[in-house]
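Structure below; questions to follow.
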Amino acid sequence: MDKSKIRNFSIIAHIDHGKSTLADRILELTETVEKRDLKAQHLDSMDLEKERGITIKLNAVQIKYKDYVFHLIDTPGHVDFTYEVSRSLAASEGAILLVDATQGIEAQTLANVYLAMDNGLEIIPVINKIDLPSSDPEAVKKEIEEVIGIDASDAILISAKTGKNIEDVLKAVIEKIPAPKNADDNKPLKALVFDSYYDQYRGVVLLIRIFEGKIKVGDEFFFMQSKNKFHATELGVRKPVELKKDSLEAGEVGWLSASIRNAKDVSVGDTITLYNNPTEKPLQGYKKLKPVVYTGFFPIDSQDYDDLKESLIKISLSDSSISFEPETSKALGFGFRVGFLGMLHMEILQERLSREFNIDLIATAPSVEFHVTTTNGEMLSISNPSLLPEKNYIQKIEEPYIKASIILPKEYVGAVMEMCQGKRGVYQDLEFLDENRRRLVYNLPLSEIVFDFFDRLKSLTKGYASFDYEIIGYLESDLIKVDVLLNGEKIDALAIIVHKDFAYSRGRDLTVKLKEVIPRQNFEIPVQAAIGAKVIARETIKAYRKDVTAKLYGGDVTRRQKLLKKQKAGKKRMKSIGSVEIPQEAFLAILETDVTKK
């Protein structure tokens, strides 16, 4: 294959700016997929992606155009899935920057463009949705130049929906994106594993980009970090259906199957090379991202524990950013502490467990990872609030802080600043983007944005704001643990860590909310919030009262009192041994006790 005719590129875009539609048009125009087989969001293979209208998993497809071979690596646009984007960029030489002509640049697009520029990628600005009456391509061009600092005078104006000027995009890919550098088939194999997925018949299938050398069916290869060794049993490319090949060469993007059965044997981001002719240095992999949100997953039926474990292993194959470890809760039994990149990421995984593996589970309220220094100088990482040591053993607690970048219309700046201040934010900067839009920068505790920050931001700004963040490190905070007691018993899974200033109001809100969602039982249930031994709030869930006197007809009043007394004694006994049924809503109640809404 002539290496000068290969082009590897990604598409960078914010949610709803038309990335999946552009990918569909490219597949249609190049006849990679026949028109009769083409369906909307063709590269989005998960049902969840089509339903929500977002791309979650990256996908890679080979396209033939004239006498060129393109590898299009489709990427997600939501802030939680930045790790998928970083992997796509590591496998590309260039990127199409797709911007909605009616919306302009959004915060997430900005973050991904900077990521691409740091990787030395060639950027092609493309402005979409020019068919809409409210589009303003000239203003968007100006914004691209001023905000990102790249020349947009020859930005391509397209409508992915109608197919207008799509051919110009393909021509620009040929002219502007360089062919793969140093793509020599005779060098030792050097290939980046940028994704993997699980196939029930073939085991783990790797998606790879070959930088140097070649690999043939039957070759023995190994992962340079983990040193795990395998034989290549099948190779091929996606068009988007899988097409088998005897070999993959330098510059190509394809898939590799090696009968790998254990998910833990694969490390996405690693370099593979041949066992009998290894390359000296691995590729610089993309940064491995650490989870930022942790939650407990507990199967409703304890017999599903092993199935849950197996499912998490399979999902972590195609989603290497998930972490999980076994966890035990007095209230909920055996489960796992699972780490995610954000709340959407968590929702998607929960949905996948339910759909793909039929597992019903209870998810505890999400938490972030706190760094606790004890009085004897030991440093603990705590992501489960119930494990926080007693106050007298703690020297200091540090929590993760983020730098939030919010792009919004100027009329909402005041309201959003007020919300950020209420969430313990520290103002950093207010940048003028154009006549109507501003970029607001705040440092905020991650625990304050984890729950509903994004939803609140959208509702405050009528959906016009966009938001991106990066973690800047840990800072000391005055935090305390609030325990929840039901019927006098601490429920470990309901504990929360909050700032001292908000402890009383959060405790009060939580007891009120739990009273609403926990069903009434045959006995009275006190719901208490406590800091240490001190109860700071209390509500009572009233008992159902069974009418034990209904069968009496007239007769002696003492008979009536005797039956009521007997019922009371029975309830007392039930109270001492009675366990309270806790529905999933009780854990979600923690998310709805945000004091800044008041």
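Backbone N, Cα and C define each Cβ position, glycine as well.
In case it's useful when we look at the structure, here is the feature table from Swiss-Prot:
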- Asp16, His17, Gly18, Lys19, Ser20, Thr21, Asn128, Lys129, Ile130, Asp131: GTP binding site (BINDING)
- 4-181: domain 'tr-type G' (DOMAIN)
According to DSSP, which of helix, strand or coil covers Ser20 (GTP binding site)?
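SS state of Ser20 (GTP binding site) = helix.
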List the same-chain residues at least 6 positions away in sequence whose Cβ sits under 8 Å from the Cβ of Ile130 (GTP binding site), in sequence order, or say none.
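Set apart from Ile130 (GTP binding site) by at least 6 residues yet with Cβ under 8 Å, we have Ala101, Pro137, Leu157, Ile158, Ser159, Lys164.
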Which has the fewest other CB atoms in a 10 Å radius around its CB: Ser20, Asn128, the listed binding-site residues?
Ser20
Using DSSP, would you call Ile130 (GTP binding site) helix, strand or coil?
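Its secondary structure by DSSP: coil.
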Among the binding-site residues Asp16, Gly18, whose Cβ has the fewest other Cβ atoms within 10 Å?
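Sparsest of the binding-site residues Asp16, Gly18 by Cβ contacts within 10 Å: Asp16.
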Need one number for the GTP-binding residues Asp16, His17, Gly18, Lys19, Ser20, Thr21, Asn128, Lys129, Ile130, Asp131: the maximum pairwise CA distance in Å, whole number please.
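Across Asp16, His17, Gly18, Lys19, Ser20, Thr21, Asn128, Lys129, Ile130, Asp131, the two farthest Cα atoms sit 17 Å apart.
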